[in-house]
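S.K.: What Swiss-Prot records for this protein is below:
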BINDING   Cys3, Cys6, Cys18, Cys25  [2Fe-2S] cluster binding site
BINDING   His252, Glu276, Cys320, Cys408, Cys436, Cys461, Glu495, Lys497  hybrid [4Fe-2O-2S] cluster binding site
MOD_RES   Cys408  cysteine persulfide
Amino acid sequence: MFCIQCEQTIQTPAVKGCSFAQGMCGKTAEVSDLQDVLVYSLQGVSYWATQAHRYGIINDEINQWAPKAFFSTLTNVNFDPERILQLTSQAAQFKAQLKDQVLTASSLANSPLSEVPAVAEFELPENAQAILAFAPQVAVNRGKESVHEDVIGLRLLCLYGLKGAAAYMEHARVLEQTSNDIYAEYHEIMAWLGTDPEDLGELLDCSMRIGLMNYKVMEMLDHGETATFGHPVPTAVNVKPVKGKCILVSGHDLHDLEKILQQTEGKGINVYTNGEMLPAHGYPELNKYPHLVGNYGSAWQNQQKEFANFPGAIVMTSNCLLNPNVGQYADRLFTRSIVGWPGVAHIEGDDFSAVIESALAQPGFQHDEIEHMITVGFGRNALMNAAPAVIDQVKQGNIKHFFLVGGCDGDKAERSYYTDFTEAAPEDTLILTLACGKFRFNKNTFGDINGIPRLLDVGQCNDAYSAIQLALALAQEFDCGINELPLTLVLSWFEQKAIVILLTLFALGVKGIYTGPTAPAFLTPNLIAIIQEKFDMRSIGNVQDDLNTILAA
């Protein structure tokens, strides 16, 4: 195996990347190798989908399936080798189908194809053993013996960025938001990466193209969520348990949460959100259910302890999943969509009766704990409605600076930086936050500035789109560029969604972003230097030193 896509990958002076029997995330070498073959197969599918598009052939089923399958290889999503093999087999079938259609269309048009790349001609071996034997040939760092390490690094930046965008495409698709133009662009990029490009300039340009494409995807996802569930409104959420039977919903999928809420009505079951599902409470069409009683737990890395202590059924709708056998709760855990763990029950479709049965069989919480309320729901509409009041406070000198502090959380001790940063931020500053990094500080008290809360929870990781809209509105009001605003982004990364959001911000021209806790292992020192120079990206350091630098600018 060789996997270097997440922040927790092995990174020592001698070794970079997970290349032993098991990755740091818990996936086996077998699963990692099968995922490499799946990605290579999907690049072949994208080649033929791109050619098909040129002949006016658009296959909605394949367009919608391909990013979803790619999503299954994102960190902490699918650990089940059988499921990965099924996806790879499906990719081979779709590739053959598209190839036949393209060759027929090409013959009818008397326009033979130019040279077909190896990734498009690849034939999947007949059995799992043969597939695993083939896997080293399509490892994500293939060609490392003859290709400069900077080329490998930029290929991976593009691949992982596109993987993050594919995840958001799937989240949007679940809410019936699709775009043939975006699918076409996705396939073009995926197919091109399958040809193992070597030009550094083209690869860097490709990363920016991915960032801009993802901006459109986030816009599409924002529309899907708000059209379906209403615009988020500031809402108080209890983060302590209440007495009763219970179901915990983790991941990102609001559609699944809605179905669970509908199917548990009148059954005496309380529903809790976990992790990135916390922002669900701000959506009117979800918050209207009285048995959506609160949020349980914190960020993904704590789930083995928190899930073990949860006395009900648990549904994992997307990333991030950890080994459920550690806390011995695998028998009451259910996976959805592209999520998988060997031996864990998987739910197809929208019937959650098995989850409800499991919840009723568990003891549930035996008593109410004292309420602790936090506020969520400062999405795009709420932020834009508050913009005039915020602008007025800026003009009066009561708000001196804005910080966006958020992103993925993780285990490393260095991540305490983000807690310390928010606590040290002066009282005349506003802090926007999003994604699971917020759990480092979202239960703390920050007060307000003349009625405007100093901590504004914007939502999930994809709700970076909302923060961008506020920044654009402020820039327009003050007649300046985004980089001239008293606004600083302080981001934490862990996996590929965070990578593509960073690419989106770069592509939109946002500079001076602070990132941490460590640099991606797949980026060489030279590439990091290039990115720092081109985008003025900064690494987090000492909290007070960083604050002094930011506020003195």
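Placement of Cβ uses the backbone N, Cα and C atoms for every residue, glycine included.
Please situate the listed features within the shown structure.
M.R.: All protein chains considered, the CB of Cys25 ([2Fe-2S] cluster binding site) has 22 other CB atoms within 10 Å.
Cβ neighbour count for Cys408 (hybrid [4Fe-2O-2S] cluster binding site) (all protein chains, 10 Å cutoff from its Cβ): 28.
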S.K.: Rank aside, I only need the closest one: which of the binding-site residues Cys3, Cys6, Cys25 has its C-alpha nearest to that of Lys497 (hybrid [4Fe-2O-2S] cluster binding site)?
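M.R.: So, spelling it out, the nearest of the binding-site residues is Cys6.
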S.K.: In whole Å, note down how far the CA of Cys18 ([2Fe-2S] cluster binding site) lies from the CA of Glu276 (hybrid [4Fe-2O-2S] cluster binding site).
M.R.: 26
S.K.: Tell me which residues of the chain lie with their Cβ under 8 angstroms from that of Cys3 ([2Fe-2S] cluster binding site), as long as they are six or more apart in sequence?
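M.R.: Listed in sequence order: Thr9, Gly17, Cys18, Ser19, Gly23, Lys27, Ser32, Val140.
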S.K.: Of these binding-site residues, His252, Lys497, which scores lowest on Cβ atoms within 10 Å?
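M.R.: Relative to the other binding-site residues in His252, Lys497, His252 has the fewest Cβ atoms within 10 Å.
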S.K.: Would you count the other C-beta atoms found within 10 angstroms of the C-beta of Cys436 (hybrid [4Fe-2O-2S] cluster binding site) for me?
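M.R.: Total other Cβ atoms inside 10 Å, all chains included: 27.
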S.K.: So which other residues, same chain and not among His252, Glu276, Cys320, Cys408, Cys436, Cys461, Glu495, Lys497, have a Cβ within 8 Å of the centroid of the Cβ atoms at the hybrid [4Fe-2O-2S] cluster site?
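M.R.: Neighbours found: Gly275, Trp300, Asn319, Ala435, Gln460, Phe494, Ala498.
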S.K.: Long-range same-chain neighbours of Cys6 ([2Fe-2S] cluster binding site), Cβ under 8 Å, sequence gap at least 6?
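M.R.: Those within reach of Cys6 ([2Fe-2S] cluster binding site), by Cβ under 8 Å and sequence separation of 6 or more, are Met24, Cys25, Thr75, Asn76, Phe494, Glu495, Gln496.
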